[in-house]
Amino acid sequence: MASVQTRRKRALGVFLVRLREQAGLKPDDVAKLLRKSASVVSRIETGHTMCDYSRLTAMLGFYGATNAQRQQAEELWEEAHQDAALVEHSTAMPPKYRAFVKAWDEALAARTLEQTMVPGPLQTPAYRSRIYEISTRFIASPIDAERDAVSMDRRKKRLDGPDALDFSVLLDEAVVRRAVGGSVVMADQLRHLLELGERPNIGIRVIPFAAGEYEVMTGAVTWLGFAQIDYPDAVYLEYPGGGEWIEKAKDVAKFARSIEATLPLTLTIEDSAALIREQVQALERG
């Protein structure tokens, strides 16, 4: 757990690097003062390792931190320290997915392009259960499924409250038309989408079949944007059995532009809701 890089730990690391450089010290100097290896200092500064409080105070002393700087460092440390308690599923899930879930907690806005199924945070329990039933080849154990459910509940909570995530969803029409779990389960799922779409922070748009092809037609793409200056935008790509966490600015920009290029092909939010409502009625008629 402590070896997983997180944005909160990285924010603390960036701040400590700034203080170290202001003090005219090199990583090797700090390593000697701490009686640790230079690699330990490097991992703290890059956000891969969470230092304990005593080591933090020692470093602040070495750097001659002011009271204001100490307070800021301690606040960053407290925030970073929460990561261990927040992600209960971490040891059972791939590191890249863990990074995505943690970043989701801290994001200001998200955009998702989904070609085959309803995005996880918008799924009903019955819909998600059916997805699990047909994906057993890619689930290591029942515990993995349980812990993933915990992480999904956390992601859903980010869509509520005064600091709710601004979530823009682009769905291929196939997502709406494919009756996952049968007509009853799917109709309930679509009604749930209509309810969620009424929230001011959630916008659901459908890419109609008539729009033809678009740039990213395989593999769900989720872009995350952050309010903090030190937190660059990031992208998570999903595929069966795993995913890819992307933070390199050049690559993130490519996917962001692809999502942006797809927007003009979508129906309006109102017309998308009408199409979803029409499909609900069709399912109800049998």
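Placed from the backbone N, Cα and C atoms, the Cβ positions cover glycine too.
What TrEMBL lists as domain 'HTH cro/C1-type' is 16-49. Within the domain 'HTH cro/C1-type' (16-49), the DSSP-based counts of helix, strand and coil residues read 23 helix, 0 strand, 11 coil.
Across the domain 'HTH cro/C1-type' (16-49), mean pLDDT in this model comes to 92.
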